[in-house]
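Annotation comment: Swiss-Prot describes 9-29, 39-59, 89-109, 124-144, 147-167, 184-204, 258-278, 286-306, 325-344, 425-445, 603-623, 718-738 (among others) as transmembrane segment, evidence class sequence analysis.
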Amino acid sequence: MELIYKYVWIVPFLPLSASVPIGSGSLLFPRATRGLHHIWALISISLLGIAMLLSFNLFLQQITGGPVYQYLWSWTINKNFSPELGYLIDPLTSIMPISVTTVGIMVMIYSDNYMSHDQGYVRFFAYLSLFNASMLGLVISPNLVQIYIFWELVGMCSYLLIGSWFTRPSAANACQKAFITNRIGDFGLLLGILGFYQITGSFKFRYLLGRSNESIASNEVSSFFATLCAFLLFLGPVAKSAQFPLHVWLPDAMEGPTPISALIHAATMVAAGIFLVARLFPLFKALPFIMNLISWTGGITALLGATMALAQSDLKRGLAYSTMSQSGYMVLALGTGSYRAALFHPITHAYSKALLFLGSGSVIHSMESLVGYCPAESQNMALMGGLSKYMPITGTTFLLGTLSLCGIPPFACFWSKDEIISDSWLYSTILGGIARSAAGFTAFYMSRMYFLAFEGDLRVNLYNDPIPFYSISMWGEKESGTFTETEMGSMPQLPGNKNSSSSEGVFQFSGKMEQFDGKPMEYLVITHPLDKGDPPYPKESDNTMLLPSLVLGLFTLFVGSIGVSFVQGEISSDILSQRLTLSMNHFHENHPENWSEFFVDAIPSVGIAFSSTFVAFVLYGPINFNFSSPYLWYKRDSRLKGIPDRFINVIYNWSYYRGYIDIYYNKIFTMGIRRLAELTYLFDRWVIDGIIDRVGILGLFVGEGMKYLGGGRTSSYLFGFLFFAVIFLLTIFIFIWIR
């Protein structure tokens, strides 16, 4: 056991040892490195697999009662300041590497096929291995300095991976947006670290947590200063975990390759902020204002992300807002003191969301064979439908992930989400209501995504098939009856004839009106020239892309069991309740309850999940009981005819335009900073530079004048004498005349 703890540093070193030679080889020997790209991928997967086995070993040691182990190595020995590196092994540390390595391996296996024809294949795997190494280094860090170093490395790798396709302007802008937004949180984190070093004189967790609480309790330090430092510390997780108001980078980060979304934005990077808050939980718990701030930030983020996902037409963006909402649940749990649930939900969510992202990648991969390489079309759910017929394995695994996120028992997310909702009710009825509302919205939009993508009939191959206009409400239009030219132009076009006004591969009005329930309905015709060379239907992905989805599907089915102890008559968690704590023992107590009480408490949340799923089925499901249209557009309109159109449009526009937050940020901050920069430029050019330039010009003229006056020529001296004599005489004459 002691030997295992002594060599824990190997866990992050293994993926690092894959990243360095791949990156160096791609720079020094690019052609040879690209020629061996599959070998490099195999090496990366193998080394991360060894790290995974070591992580499982550490986890087993901890849950069986292993001791907390810390190893420190000093950079320099100094009386006043001695920076240290090392690692800390405790139950919290031991559980995070499992999530990172298992999802990381699945993503690497998946990426080997997904990125096989990409020119940046080798570079992609170098960044991927470096990211895994950085994340593993972060979770075993014993002090704030080391955490900050790996925190920045994780952010840098995220920036590089999001911008993997940097030749696309949207991807380049997305990685810059992610980088700049995270700079705000990271700067706050740095100031908070320095502030608590001022309070405690140490960066080590074991000393810092105890010393800071003692200082606050004994009033040795101002509570305002401690609260300010804690707030600055919390800014880091707010940005990294995409919490409101620094969440705006996450949806745009979907411009990167889909496997990156599965790894960074499902299992690891988003969970890094949750890990840091959990690590510093005793410190935050001593400050009631910060705990309230954490809980409300999480609650607002959970509800905001859920509402923004309601009408997304882009498959990956819908999952991105889902990730934002679920990370809000985790922060909400930490703010309410539900420490166990807050660390249980990242585990269950990681496997479920990674499964969904990999499934979406398979869908996009297959849709590209129909619509070409165009993210606006291959990711658009309006062009999908019926994919479960052509991709049964992907459809089944996607359904498993959907049911899990909806909170349907016995899937993984049910066990953790239900506990968060229950604890939120105990903490605050308002927060409990927010959590349940977000759960209902989650079940609705996840079911909507599944029905639009996998049920019904494939819509991309429709030929002159009229569809009632109300079905386009998934784009969140301003009015349900009309489209402007601009709005029509913003709709995704089918392949073949871009920017065409004829009936060749574009959305257009058919020009006919029909009555339905006494209401005129305008039709939209999807016309698609079915070229003989185009494959008519999508195909199932290759085995190397299906295997990770199947493995993650098994995790989604059974990972929830680690939070449940099947003792007769009661439900508790030996692993999570008894061992998943820090050594400070200041955390929220989770008392066991019997099975009957548990299921009674779970009835409201499960009922909400089933109700929301049923509503999504009615609106977007494949079954048509009363009408001949196979696409259920008529039924959808008739079900909604009692709801005011204005109210529906408000909901759709709120979701489609991201709650108007991006627009507000763009007008207030982006445009404001640009205007300030322009004014600063003008002031610098015309005032600062103008004064300096004019002083120089004045000196030039004075010098030129003196040159002629002191040139040694008699005529110049005579001219100067006469000029100044005339000026003198005129001055005297004017003075006498005035008097």
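Every residue, even glycine, has its Cβ placed from backbone N, Cα and C.
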For the transmembrane segment (89-109): best-contacting stretch of 39-59, 184-204, 258-278, 603-623, 718-738, by Cβ pairs under 8 Å: 39-59
Recorded stretch that, among 39-59, 124-144, 325-344, has the most CB pairs under 8 Å to the transmembrane segment (9-29): 124-144
Paired segments the transmembrane segment (258-278) and the transmembrane segment (39-59) in contact, 3+ CB pairs under 8 A: no
Long-range Cβ neighbours of the transmembrane segment (184-204) (under 8 Å; 6 or more residues past either end): 72, 83-84, 142-145, 148, 151-152, 155, 211-212, 215, 221, 225-226, 228-240, 246, 283
